[in-house]
Amino acid sequence: MKLIEAADYADMSRQAARMIIEQVKEKPTAVLGLATGSTVLGVYRELAADHRQHGTSYRLVRTVNLDEYVGLGPDHPNSYRHYMNHHLFAQLDIPLHETHVPDGLAADLGEECRRYEQLIDALGGIDLQLLGIGRNGHIGFNEPGTPFSSTTHVVELAASTREANARFFPSLDDVPHYAITMGIATILRSRRIVLLASGEEKAAALARLFEGIVSPELPASALHLHPDVTIIADQKALSLIPKEQRQVDVP
Ligand SMILES: O=P(O)(O)OC[C@H]1O[C@](O)(CO)[C@@H](O)[C@@H]1O
């Protein structure tokens, strides 16, 4: 696991965008695994600016998103499909039909999970998966206790996750209780993983990750089992990790 220390949110966003742009230049047909939430917004702004200014093309790129709320469709302002279309896809030259987000309105959610898992395989697997981290250490919507062997599945959201995400909704009651998420095994099948963390509210989760304990109680700790993970974190997110522990490769 490699750590890149970023000065702040803007620096973290620039460095992550640089890695994605390099991935797309190296393999124009790359499959990008994408995340939603606040952390990655700066990365998407950087990708959009780079596309406008330097013309990096996403014409042949395919994308798969980590997760979607159950019950929210593409037209719902809080759905992750809506978020992705608005914040990223509309800003690039990527064909919309090559972008994939789980269908939160599927009549048969179990079937939708199986379809999504097969889709990722049919695309040839994920070249680079971008991740944020929840305050409780979740990745995607894999809450504490999720088995590392999990594939795409329906999850009941932890109360803390619903509260953390309530800021995007009119009220806490409007936050869905269920979501579809790639599982931990799905995420670990990606060839390369880049996890971003910014701000003090992520410091405790990151400090636990750096303790090196591998346990489903901290879903992000599954990343210790992957051979190619880069963490890009800003100084506030790293604030609970002593400086001398930051340089070493954690096991
Ligand atoms: O970046 P945020 O909004 O803190 O969210 C952290 C993570 O939790 C999720 O919102 C759950 O899906 C991810 O999309 C995100 O990467």
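Glycine too: its Cβ is placed from the backbone N, Cα and C atoms.
Residues or ranges marked as domain 'Glucosamine/galactosamine-6-phosphate isomerase' in TrEMBL: 11-224.
DSSP assigns Asp67 (active site, proton acceptor) to a strand in the three-state reduction. Other C-beta atoms found within 10 angstroms of the C-beta of Asp67 (active site, proton acceptor) number 22, with every protein chain shown included. Marked as active site, proton acceptor by TrEMBL: Asp67 (among others).
Residues or ranges marked as active site, for ring-opening step by TrEMBL: Asn136 (among others). If you take the C-beta of Asn136 (active site, for ring-opening step) and look for same-chain residues 6 or more apart in sequence within under 8 angstroms, you find Glu143, Pro144, Ala158, Ser160, Thr161, Ala205.
Sequence annotations record features per position, and here TrEMBL assigns active site, proton acceptor to His138 (among others). Under 8 Å, Cβ to Cβ, and six or more positions away along its own chain, His138 (active site, proton acceptor) finds Pro144, Ala158, Thr161, Pro219, Ala220.
Counting every protein chain shown, 21 other Cβ atoms lie within 10 Å of the Cβ of Glu143 (active site, for ring-opening step). The feature active site, for ring-opening step is assigned by TrEMBL to Glu143 (among others).
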